[in-house]
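*Asks:* According to TrEMBL, the L-histidine binding site annotation covers B:81, B:82, B:83, B:111, B:125, B:129, B:254, B:258, B:259. Annotation comment: TrEMBL describes B:21-376 as domain 'Aminoacyl-transfer RNA synthetases class-II family profile'.
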């Protein structure tokens, strides 16, 4: 085929039906886990005042923005993340809700990065946050949701681990080692890159703070340096039966400047140790965004759709669970009405309407076609049943395509007996 | 409260939890009706090459675009509608799918318009299209979905009507009245505004084509001018039991240049006669977008979220149906675990985890609180049950908040008896 005149922009995805079904699988799993854990859904705008993002992150993402001037001369940006908007929303509406607020969002974000495997210029993110509770019980509740999400995707112990740290442990360390308060961000930046930095560069950077690599790595290695918050979180999650999924890892500090305490990342433990999700406590952001009008402690995490999808596809048991869901949700219909006699088209249309009205996913040939061709189309559409309307109407025949068996009934009570057949355990109904 | 530093941009909506639940009600209704009628879901990118929109519509929307240059120097636009992207997608992928393609999308679009009641700068749109079938059977199938969607929202006969027309009827009229082919777009533009134009202006414009107002209005008034396609559609929908929802209205031609045949609009018949949805046949667009590479007949419609929501809220029976859904879906949880004895917090955490894992939406107090306060929070969260964990653990008490009755059981098989209680008919489970 000749090249088409237009294509999707680099880093942007076309969700053809199967891709869209995969996306829906992620969304529905995220949504159902959050709902059963008592979170309510919200959504913020995709376009915001650019100042909101600059205020939040001090420009950390500013080189990656889809930023432009709108027709009204406003400096606006496609959201690179959701937390800044969320902080704005919570500052404005929080007094209408009992505390703590447990909120989640599933939304698309945009960053101008080099497209590569596992990263595009748009991605979907599952954002979960708790506001109004400063203690580690909120962090534990949040981390339990991250774990339950992984379990809901079919992952099991050994597939992933949540590595938990606490910036406060490092702040104590810094105080003990005489690091000036205004150099703490620089110090945390060094810790953040400790695994990726060249040894000689790391050594030089630490030396500038009168520290040695051995001191820092020794601190990371000693479990006695766990903060009280970490200990409380581990105890809480152990009571829930989730202790095995959590471990202390003080090398995690997370890059973003706005974190204020406990931070954590969910890692794929089988392969490349990619971070599947990450988050932590950010107790000062609401105050920053609202310019001191509202002060509310907060903790949250985000999980993007690229990494979790790759991980599902690489993990046999999780991939199989997704495939079962896709088979049920990507198909065109459950019942395909075969119009074997064009004289009975009007009757067929009525039957199709009745079945659909009863919630049964039903399709049929829009124009006259050979019966054999119609059966082929029924199979292509993923139908479980072909319901044949022929000269013998109101007698109907149904072919069960999965088992190649046949049944029959009359048009009068077709909805009832087709519903009964569909509930027989040879496969689930379409969602 | 002092004004906050940041607010949503004009015309952009913050979906706080209740607003988000309303949005989800629209989305889930749209999705479930489309699925049961045999349509599959896709989604196109929110940002596209600006040329795609200019190519499609000849610039009809170009004054309303959120258009900008990205960091790579590309002229890009936030999608003002979905059909151009869909045509691109279908041209690229159609040969992988049996015909006809029946596809739908639920997505956000952006237009820089003056924000007002019933119109913002972003809106969500339900887009439904059929490709690969040129005859009226496809238009009837499409219109039946528009009708089924209205019925699914709880509207009944008398609440709405689908007005169907056919540009081909006007093209025959134009030929008969000697209007040159190159003036047909101008002529259709006059018909499109016939109800809104000042009489003397209308008269002058028609006179320029050697026509009188009486000739044109006479043509509209005569049912004998229905096109063969209209007659076939009416017959098809009558066979489905949907004939009463459809009427001929030749005054409808739809503004956009790309329509090629049957066009229709769904109208609110009770109040202001707003168009709730509109669409029609556009058999040449795929060829235009693909520069002749692919040629595929097409018919489709779109329904936006603003008008349908207003109409639901103004129509008592539809509004009540939505409220029932919201009560079930906006609540925080079904079961609130009351920690009456802090000594039993670990046991409570385990219980919460077990209930959630069983799919029961469950919440609990993150920190110690008075029992009375916990009951208040249970009610605020919309919980149906308060499950009390106290000193008598593993004995548990459950208060059924809706009926103010009580039951009891043991922790060991709590999931089972709570599930049983939840399935008793005093209200539906949370979705």
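Including glycine, each Cβ sits where the backbone N, Cα and C put it.
Note that TrEMBL annotation is computational and uncurated.
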*Asks:* Do you know the mean pLDDT across the domain 'Aminoacyl-transfer RNA synthetases class-II family profile' (B:21-376)?
*Replies:* 94
*Asks:* Please work out the number of neighbouring Cβ atoms within 10 Å of the Cβ of residue B:259 (L-histidine binding site), leaving out its own Cβ.
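*Replies:* By my count, 23.
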*Asks:* So, three-state DSSP: helix, strand or coil for residue B:83 (L-histidine binding site)?
*Replies:* helix
*Asks:* Report the same-chain neighbours of residue B:81 (L-histidine binding site): residues 6+ apart in sequence with Cβ closer than 8 Å to its Cβ, ordered by sequence.
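*Replies:* The list for residue B:81 (L-histidine binding site) reads B:53, B:61, B:109, B:125, B:302, given in order along the sequence.
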*Asks:* For residue B:254 (L-histidine binding site), name the DSSP secondary structure in the helix/strand/coil scheme.
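*Replies:* DSSP assigns residue B:254 (L-histidine binding site) to coil.
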*Asks:* What's the most sparsely packed of the binding-site residues B:83, B:125, counting other C-beta atoms within 10 A?
*Replies:* B:125
*Asks:* Given that the record lists B:81, B:82, B:83, B:111, B:125, B:129, B:254, B:258, B:259 as binding L-histidine, what is the largest C-alpha to C-alpha distance among them, in Å?
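*Replies:* Those residues reach a largest Cα separation of 22 Å.
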*Asks:* Provide the number of Cβ atoms within 10 Å of the Cβ of residue B:254 (L-histidine binding site), excluding the reference atom itself.
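*Replies:* That number is 19.
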